[in-house]
Amino acid sequence: MTTTVFAEAGNLGLEKFPRKDSELIQYGTAGFRAKSDILDYVIFRMGLLAVLRSKAKKATIGLMITASHNPEPDNGVKLVDPHGEMLEHTWESLATRLANATDSELKNVLADIVKTEGIDLSKPASVFVGRDTRVSSQRLSDAALNGIKALKGEAKDYGVVTTPMLHFFVTCQNTGGRYGSPTEEGYFSKLSTTFKKLQGQKTTPGNYTPNILFDGANGVGAIKMKQLKKYLDNSINIEIFNEGSGELNHKCGADYVKVQQCAPDGVPLLVNARCVTVDGDADRLLYFYTDESNMFHLLDGDRIATLVAGYLMDLVKESKLKINLGLVQTAYANGSSTDYIANTLKVPVACVPTGVKHLHHKALEFDIGVYFEANGHGTVIFSQTTSSLIKTAVADAGLPSDQRAAVTRLADLIDVINETVGDALSDMLLVEVDRRAIETTDAERKCDKPSGLQDTIDSLVAKFKSGRAFVRPSGTEDIVRVYAEADTQANTDLLAALVAQSVHKMAGGIGEPPPIPH
């Protein structure tokens, strides 16, 4: 049986995709990446491997053609496992072996994989294929489709999609639709419907303005953001720049902004405008803005992680559910953010080796696991037990109103988050849901808006021995939380009240200002 199938594979296309390069190529966290002109044979072979992986797992596998934030001349390929996760580590070595086999060795390598992995070739195979906007991606996608066809796999070609969208489609297919519908309509509808609901849960947005300047890196992120905007209606205003007329990732996109520490070309420098940048396949997200002094400020993955962890911890506490929330970082994470998250927010922090697969795997150990790399790649994962716990709580008619509000918001957040992988579009909506009248930086210890409030807080703190204070918005209500420390309880209470009065005055507080303790 094995010999017959691989003989047919040779007849169907091996001769069309001979190995062009003698250099060894390694499958890593990002899959294979190289100059696009040498990848045809590699990606054809990954089409073959995707069929074998599908037969082995008895599930749909994803195959994505992209080189993410790399320059336009590069390209790559990575496989997506059944639940939207990265390819299993042991199969990375199989991918490397298959890609580096000589043409004459190829059939024997395939046969060996079948034997060692115990694959039943009579089983059906299903592979979902997607690609980014690079000129070479259509040609390389065709190579993958040829490989899938060669081993009689069934391919579904989604065309141009973001990498996170393909992960989403694979997960939806393998969960029988429980995670959503494996279509673009299903993806956009799931994110937008829940986002609009969450936006509508607050009657007064404070000083929040739903306006974003979006850097699409001249890639697929810009294309899909245009589509998502139609589903979002008027819930948020997004102006798209670098939408595809320029070169992919050239002086734009998340990697450029992070490395160069400057705004991308093509995006207007409006004072304090909230700006978002994504990478070439839209799995990374960063925020940035330019202040009154024309100084650039980057809100990287560490800042986003701090924001998200704080927001979720507020919700978990107010829900009164027994949920173990944790944040996963690498050694490259900002030390002050780690200290703040662990010691102030009281969120457990785990450190793992660099690489998304390590972060994702560790996050699965928590009831709710948050992970973000400094480059902006990250997401939030809810365990199945926790998701069920939250949904059961929502249905409990006996919950007090404040507790019900928290569990309802947690339940809605599950649907606005793409748990399968870092997703720039989904992550942006998550950040925007946590809208804040007070804007903070330095791991939320410094207040940027409203202008002058931080100076006032600093002057008040200076009047107290061992004084310390900062403010941060609540994740669930239109209120501002004030944290204060001083040498005595009386001084702590007084400092907190003085800061609260300043916030009320300068941030447009409603009703009477907080009283000063006697």
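Just so you know, glycine gets a Cβ as well, placed from its N, Cα and C.
Annotations in TrEMBL come from automatic prediction, not curation.
The active site, phosphoserine intermediate annotation in TrEMBL covers SER68. Annotated Mg(2+) binding site per TrEMBL: SER68, ASP279, ASP281, ASP283, in sequence order. Feature annotation from TrEMBL assigns substrate binding site to GLU373, ALA374, ASN375, ARG472, PRO473, SER474, GLY475, THR476, ARG481. Per TrEMBL, domain 'Alpha-D-phosphohexomutase alpha/beta/alpha' is recorded for 55-92, 110-171. Per TrEMBL, the feature domain 'Phosphoacetylglucosamine mutase AMG1' maps to 183-285, 300-433. According to TrEMBL, the feature domain 'Alpha-D-phosphohexomutase C-terminal' maps to 454-500.
On the structure: features taken from TrEMBL.
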residue: SER68; record: active site, phosphoserine intermediate; CB count, 10 Å: 27
residue: ASP279; record: Mg(2+) binding site; CB count, 10 Å: 35
residue: ASP281; record: Mg(2+) binding site; CB count, 10 Å: 33
residue: ASP283; record: Mg(2+) binding site; CB count, 10 Å: 32
residue: GLU373; record: substrate binding site; CB count, 10 Å: 22
residue: ASN375; record: substrate binding site; CB count, 10 Å: 22
residue: PRO473; record: substrate binding site; CB count, 10 Å: 25
residue: ARG481; record: substrate binding site; CB count, 10 Å: 16
Cα-Cα distance linking ASP281 (Mg(2+) binding site) and the residue listed as 'active site, phosphoserine intermediate', given in Å to the nearest integer: 5
Whole-number Å value for how far ARG481 (substrate binding site) lies from ASP281 (Mg(2+) binding site) (Cα to Cα): 37
Non-local residues, at least 6 beyond the ends, that sit with Cβ under 8 Å of the domain 'Alpha-D-phosphohexomutase alpha/beta/alpha' (55-92): 27-36, 39, 42-43, 46-47, 49, 117-121, 123-132, 134-137, 140-141, 144, 148, 163, 166-171, 173-175, 217, 247-250, 253-256, 279-281, 283-284, 356-357, 360, 419-421
Whole-Å Cα distance, GLU373 (substrate binding site) to ASP283 (Mg(2+) binding site), is 11
ASP279 (Mg(2+) binding site) and ASN375 (substrate binding site), distance between Cα atoms, whole Å: 10
Just the number: how many Å between the Cα atoms of ASP283 (Mg(2+) binding site) and ARG481 (substrate binding site)? 32
Output field, Mg(2+) shell: CB within 8 Å of site CB centroid, site SER68, ASP279, ASP281, ASP283 dropped: THR66, HIS69, ASP132, THR162, THR163, ALA254, VAL278, GLY280, ALA282, ARG284, HIS377, ALA424
DSSP-derived helix, strand and coil totals, residue by residue, for the domain 'Alpha-D-phosphohexomutase C-terminal' (454-500): 20 helix, 12 strand, 15 coil
Of the residues in the domain 'Alpha-D-phosphohexomutase alpha/beta/alpha' (55-92), how many are helix, strand and coil by DSSP? 7 helix, 14 strand, 17 coil
